[in-house]
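Undergrad: Attaching a single structure in structure tokens format; questions to follow.
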Amino acid sequence: MTVSINEVSKYFSKQTGTVQVLENINFQLEKGDFVTVIGPSGCGKSTLLKIVAGLDNDFEGEIIIDGERITKPSKKQGFIFQEHRLFPWLTVEENIAADLSLKDKYVKDKVKEWVEIVRLDGFEKSYPKEISGGMSQRVAIARALLRDPSVLLLDEPFGALDAFTRSHLQEVLLNIWEQKKTTMIFVTHDIDEAIYLSNRIVIMSAKPGEIHKVIENNLSYPRNKTSQSFQQLRTKVLQQFEHGGLIQTSI
């Protein structure tokens, strides 16, 4: 078992009282699983991701990664935010290396490997202002994976990109997953993206956020968004939103 999320609940304190954001979240991921999490705005998807990342310790329950209870960020977790968060004064290769020295041959070789994997050959010496948003997000992906984390956590990383760039980065991410078999938890609002990428879809309800349904996705890769089997699964997911009373708050 790579990741185990056990009975996780989360509360926020407000002037009007205590608000429960997450209620009794339980699910497990084996090594190499690709799980997408979808649900209405405000259902706690991003909050759950931050808890798994060790960025939020004020919760009930526990997160176990590779047999170790998580209480803070570590090399076990890679995190990709909605925005790339690159350092503008560092080049592409320096951003990927982050706090590691490119003078170290092992680090330099690893950076070179990831530059090739995310298809940024020739842009190693470029600065963030000199590359596109999609390229910047590829740098963020490479940076998060450089240390070979046990799980990669992605918080709507392609949400702000145009459709063409988003589609391209989906292919880049799938290529990485197929090569490295990194365990991934990917938060998205896009049902098609959830179906296209993952082998399991976790649907959350809101107020408080809890798991409404987990759907296994057994479509073979590469997936065709216009195929009958893809559309049938899309209908199945949409029906869960409708039957669960989620669709009114998800639009």
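For all residues, glycine too, the Cβ spot is worked out from N, Cα and C.
Copying in the features that Swiss-Prot gives for the protein in this structure:
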- G39, P40, S41, G42, C43, G44, K45, S46: ATP binding site (BINDING)
- 3-231: domain 'ABC transporter' (DOMAIN)
Undergrad: Are there any residues at least 6 positions away along the chain from C43 (ATP binding site) with a Cβ closer than 8 Å to its Cβ? List them or say none.
TA: M204, S205, A206, K207, G209
Undergrad: State the count of C-beta atoms found within 10 angstroms of the C-beta of S41 (ATP binding site), not counting that atom itself.
TA: 10
Undergrad: What are the other residues, in sequence order, whose C-beta lies within 8 angstroms of the center of the C-beta atoms of G39, P40, S41, G42, C43, G44, K45, S46 at the ATP site?
TA: M204, A206, G209
Undergrad: Where among the binding-site residues G42, G44 do you find the Cβ with the fewest other Cβ atoms within 10 Å?
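TA: Checked G42, G44; of these binding-site residues, fewest Cβ neighbours within 10 Å: G42.
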